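As recorded in TrEMBL, the features of this protein are as follows:
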type     : residues                               : note
BINDING  : 105, 106, 107, 108, 109, 110, 111, 112 : ATP binding site
COILED   : 368-395                                : coiled coil
COILED   : 419-478                                : coiled coil
COMPBIAS : 968-981                                : compositional bias 'Acidic residues'
DOMAIN   : 18-359                                 : domain 'Kinesin motor'
REGION   : 968-1002                               : region 'Disordered'
REGION   : 1014-1067                              : region 'Disordered'
């Protein structure tokens, strides 16, 4: 059927599927028990093994074990066999597969019982619930149940075929007597399938109809009683179930799915000697064994993968062809007997089944038919049946069955052959009759009649010979002319074949050559274009790479230069800051030393003056006091102004430092990774610097404390001495005491004023060192947010520096306020001293020498300790400066090394890029080659073809040639010395025979040209052979001549142009 009316076949399984083999052993029967047989089979249903005792009763160790897909022992029930074997197969049938189950084994082992079963005597059982029911009724029952549960439209058809003595019979035929033999043909839709002509398929509507069908088929099946089995099947039966199921695909189209199940009950193999079969039963047994033997050979050939499988040697194997090695899923149920008397047959059955396990089938789902295709097939069948019915009713045409019609045709053919044989015999008899008539020609009574008859016949024969002569002459001429024309036509056809083949070859080669050249040019153009694009792209890429590397190198070099410059600036700033601190401390030292020396000198001078003025007047003392007041103010101002100036310079340096740090905030983001190691070292150095500064400032504070204690002790001593001389000096001494007290208080205030900036400077330096150390360590441990932390930390340091500047400004304002207050106090003191100078003059003179010595002893240790302390402080700052310089120098050296490494890397990268670019140019200019012609392309050549066509001669010339040949032949016949034979009398039948043979070629029968020339009839061949030979020759000539190519004129062939291109291009 057409591809438009069918759907695609189901997907084939990627791998084949072996035939499933099941072994079932029946229990002992009464005959075997009476014969005292013992069991030789052990069936292990769990391990699926069958063990055969081959050594007899004495040797129990001799065993042979077979393994199968399933094994059922003697106690197995019918329902167990059905559920294990048929239930999975039935699901596959519903899916659209073809499945086959056949029972194989010795006669009397339960094949028919397994397939069909029996009816129980208890009437309460229905056939589908009967425990003795076989596979066939249970299968039909489950088919109807499954299809009903699926709620799909379906139809079930069954057929029952019998193979008896290698003949096919329909067991479901409506005729009571099964005598009509069926014919088997190959299925055109399935190469391995067969079609049984005339096999009736009955549609089953309910499961109740199945048992009736089985009973009707079983009643017609050939069975007989033998010594082995009382109801032995004498034929093979094939019960086929075809299921049509309706389904709807995704597109909404209705399809019909077809599944087929073949249930085969084979006749059992038997030993004729043991079964007691004779005559008809012996012939039946021989046919059964022959078909089973053929089945065994087919199984062996399939297992051994032989090239030829003998399917056609038996009707059984031909029907089972698709089930053995085809597209059907097949299962074999091998039934065996456990008795020792059947050991040989049991071993043979198990060997057959074991070999059948290796047969590989390739199951394939049946085609799904569309609804239109199925309706079309049914419509064609209905129309055919209508025509047959109408012909039967009207008695017109062939109203017989096709089998009877074919039988009549075969009989007519045989009758025609018999008529032909009788005609030949009649001709022989006529010849004999002529001889008899010649023998009785001497009879006088018949002589006249025969003579008259002979004369009459001779006249008729002569007239017929003359007509025949003329007809043969014309026929000979036409035949000769036709033969010559056919010869010329054959030569022309041969020439045309050569010309057309040459033209086809040359055209094909030229087309291939042009296509080759076009592809070659296209490939060259494409290669050239791709080469240019690739070269341009690679040059641009390398150029961009070099420019990018150059820019990156320049940027990195500028960064490293900037980094070195920044570090150098930092080094200079730190050095300058340290030098300023050292100079400031030195200036502090010099100022303190100068103040102490000046104050002590002034005190000594004043004491000397007081001693010298003890005898002077009050006016001189007052004048000296005024000068002392003015000098004291000038001294204080001279001492305060350098302090203020120093504070202002420190504030400027701090402002510059703050500005430098603010500028460095934005630049130090790029120094994050390079400064990691340096920050660690710097934090450590700052920690050491802070420790040294703390030690120096602590020692300085200790010295200042000692100085305060000494001053307190001197004040206490002065008070003690003053109390002792109080009585003798009275008011003058008290005035002098107040003056001295004020002097000491001034010294103490100045000392405190000096210590306050030192403490503030110490505190600021300590604070800055602590903050710097904290900042550096926080950077070292938290570089994940380095930029933000650095900015915030630097901003905080800047704020603290601003606060320090504000504090310095406060110090300056406080110092100015203190100076003003000191001036007022000094003025007040002068007024009071003027009032009390007279009373203290005498006491001052006495105490002058003591105060002088005390002050000298007090100034000397202070100066010495101050110088030592300042010297240590300066040394500490210089050491720190040296360490910081070393760290920065190391940083500069490392920066130089990094710059050298970067420079070497850049040069190496540039060198590699240049080398790669050079390699690219070398590849593009030297290694990439163009396709250069090799010169192996074939040159022009001459084509070998005929250039002159054969021309047929004129009809007159051919006739003249024919007559010349006839004359030569007549001369040769006349030259022979053979006597002329008398013209025999022939009847009208022989004349008609000669006239019918007159279409034979004159070349093959030259003796009929002349009526006087007789040919030997015995040397001529049969008429139908000559005619068939002539037709065969004509067919061969027509086959040589091209049917679709017209003949070309001779001039056109001669003027064909030569090809100017080579036939092939071999590069």
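Each residue, glycine too, has its Cβ placed from N, Cα and C.
Just so you know, TrEMBL annotations never went through curation; they're auto-generated.
Note that the coordinates shown come from a computational prediction; the quantities given were computed from them, not determined experimentally.
Comparing local CB density within 10 A for the binding-site residues 105, 108, 110, the maximum falls on 105. Of all the Cβ atoms in the protein chains shown, 25 others lie within 10 Å of the Cβ of residue 107 (ATP binding site). The highest number of surrounding Cβ atoms within 10 Å, among the binding-site residues 106, 109, 112, is found at 109. When pLDDT is averaged over the coiled coil (368-395), the result is 75. Summarising the environment of residue 111 (ATP binding site), the number of other Cβ atoms within 10 Å of its Cβ, over all protein chains shown, is 26.
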